[in-house]
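What Swiss-Prot says about this protein:
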BINDING   152-187  FAD binding site
DOMAIN    45-149  domain 'FAD-binding FR-type'
TRANSMEM  11-27  transmembrane segment
Amino acid sequence: MSLARFTQPRVLLPVVAAATSIGLVYHYSSLSIQNDTAKTFKGGDEWIDLKLKKSWDVSSNTRHFVFELKSPEDVSGLVTASCLMTKFVTAKGNNVIRPYTPVSDVDQKGTIDFVIKKYDGGKMSTHFHGLKEGDTVSFKGPIVKWKWEPNQFQSIALIGGGTGITPLYQLLHEITKNPEDKTKVKLFYGNLTEEDILIKKELDDIAEKHKDQVSITYFVDKASANWKGETGHIDKEFLQSNLPGPSKDSKVFVCGPPGLYKALSGVKVSPTDQGEVTGVLAELGYTKENVYKF
């Protein structure tokens, strides 16, 4: 019997192993490159123009906008919780720049969604509401506010007002889409009227699907006869009865208009300085270790 029949595999096996190793290295290198290039936004100072795909009215002063990412296979590149800066140039050549938090899933491919309320005198919101399909808006980012990790806390409370719901919704959505994240969430959300409650259907759907994990309480200043939520402001008495209490196992996230910050948590000193906790939360024993202001 020829010895070649036994020696041949000893030559081939290292070759096959080497080829397999090269293939695996190439495969994972390709995935790494793909994961990097599949994000429209990668940070830095580059402004990227996105085309408006469609938009529709949510209420008399609020619209839902869907923009196309650079590629149908792209994700936005955002993480929870983060936002994008937006920019447009006025007729006088002045830059108007504002931050907006998307309401779409951070893993959504091809498009990115925003819900934007038009404010009297609001230059950017007025600009958005004047857009037509095919128009472009400049964006850059992402700007990471709070990098969420599953099960960081046993429980959290989200306190929001008006359009301040968007980062809170982003956080709520991220927690509840992950079956491994057991964080308990309470959302307290205030508005002027029932019509002003943004993304209420999406919020109610989450609360319905995650009854053992999520509770939502709505507040309105001006309630109709059929209103079933709370009337008035989010106040000390309510928070004292419903917050998880200051501890290392819980966190309170706040986002809303200046009046809400002033009354409940105190305002931020700057985008990078949370400042001290004041107002109702301070009276209840919360410090800046227990509270995050978007």
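Cβ coordinates come from backbone N, Cα and C, glycine included.
Source: prediction; values computed, not measured.
Annotated features taken from Swiss-Prot, shown on the structure.
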| residue | record | Cβ within 10 Å |
| --- | --- | --- |
| Gln152 | FAD binding site | 14 |
| Ala157 | FAD binding site | 25 |
| Gly162 | FAD binding site | 20 |
| Pro167 | FAD binding site | 24 |
| Leu172 | FAD binding site | 27 |
| Lys177 | FAD binding site | 14 |
| Lys182 | FAD binding site | 13 |
| Leu187 | FAD binding site | 23 |
Tally of DSSP helical, extended and coil residues in the domain 'FAD-binding FR-type' (45-149): 7 helix, 51 strand, 47 coil
Reported mean pLDDT - the domain 'FAD-binding FR-type' (45-149): 97
Secondary structure of Gln152 (FAD binding site) (DSSP, helix/strand/coil): coil
